[in-house]
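Here's the structure, in structure tokens; my notes come after.
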């Protein structure tokens, strides 16, 4: 029985890539800077001491980081016995965003340039805004700018509740984000508005990767909170991913846990499981792994590393999240059967010590574990697509156009 379990620790980079200068990210290092802060006693809020990740270390995380950066992460064990195969991978795609990283992991790098709304104020074309107001029968809109999602709620949340005007905003990513109150505006109405925005952006040729629904609750600035009902409307990958090939060619199964289905625009997904928060995502993953049959991929995105701690530049929160993940990792490893493979990886970096609030261009860890996986270094990988090609070889689908088999 062949099964693959893919765990994406969203934004868990392990050191700047060779082309990081193109992105202003030279010196970024999500793992390294978190470990450094922990070792220096600068991340003792809600946790304490050096970064403690013994299970990820056994799978080769510290070695992969050393390969990427040339140094051992502060306070971590560079001499621990390694029981998995490990690598550090460079991104071939032109961006450092979520769809590009995930699509490349599945064998389809993004070699075109996304469209962006680069103006920090009055970010969106008036023609687009007018169409959204007309089609969705809106009283107007708020925002129309670059912003952090939590900051803009404090700034505009109360006005949104009074006026019913949705909050439109963007970032350095190829995104159009819409924040609305779940109760006063309504979740279904928000989703409908996002569908309209997705249509207009596609028909208008803006080449925007994602429209993101950002529902929130609360009644005044300071207590607004985003809920777990986020929904991403992505464009479809430009070619069949290894997920699609497993389903189409082998009548296999692909289980999405978390936001995976949204990222791939449901292409190659046979089952969707929603869960919010690190523990809930872990629990849902364990359940699906226990139930998975032959020719199945269980694919989970642990979004909190990115959304709750990376973008918010919360080093202590990120460290605590990693330590929670590591404590629960043996539960996953126990479910890996004789012919199974477990792959732990990331889609980009989001260094919580870095300036600004955006992603960072970094190598990602590729940690592969299974009874038949030979432990040791798989070296520097030129593309995340090596993961997709490895899966294609493992399941016996037709080969991907990019990437090399690592096993």
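Every residue, even glycine, has its Cβ placed from backbone N, Cα and C.
The Mn(2+) 2 site in Swiss-Prot is built from 306, 311 plus one of 359, 363, namely 359. Among 10, 19, the residue that Swiss-Prot places alongside 347, 348 at the Mn(2+) 1 binding site is 10. In the three-state DSSP classification, residue 348 (Mn(2+) 1 binding site) falls within coil. Between the C-alpha atoms of residue 347 (Mn(2+) 1 binding site) and residue 359 (Mn(2+) 2 binding site), the distance comes to 10 Å.
The Cβ neighbour count for residue 306 (Mn(2+) 2 binding site), using a 10 Å radius over every protein chain in view, is 25.
Ranking the binding-site residues 311, 348 by how many other Cβ atoms lie within 10 angstroms of each Cβ puts 311 at the bottom. Within the same chain, residues at least 6 positions away in sequence whose Cβ sits under 8 Å from that of residue 359 (Mn(2+) 2 binding site) are 11, 96, 97, 172, 173, 306, 310, 348, 349, 350.
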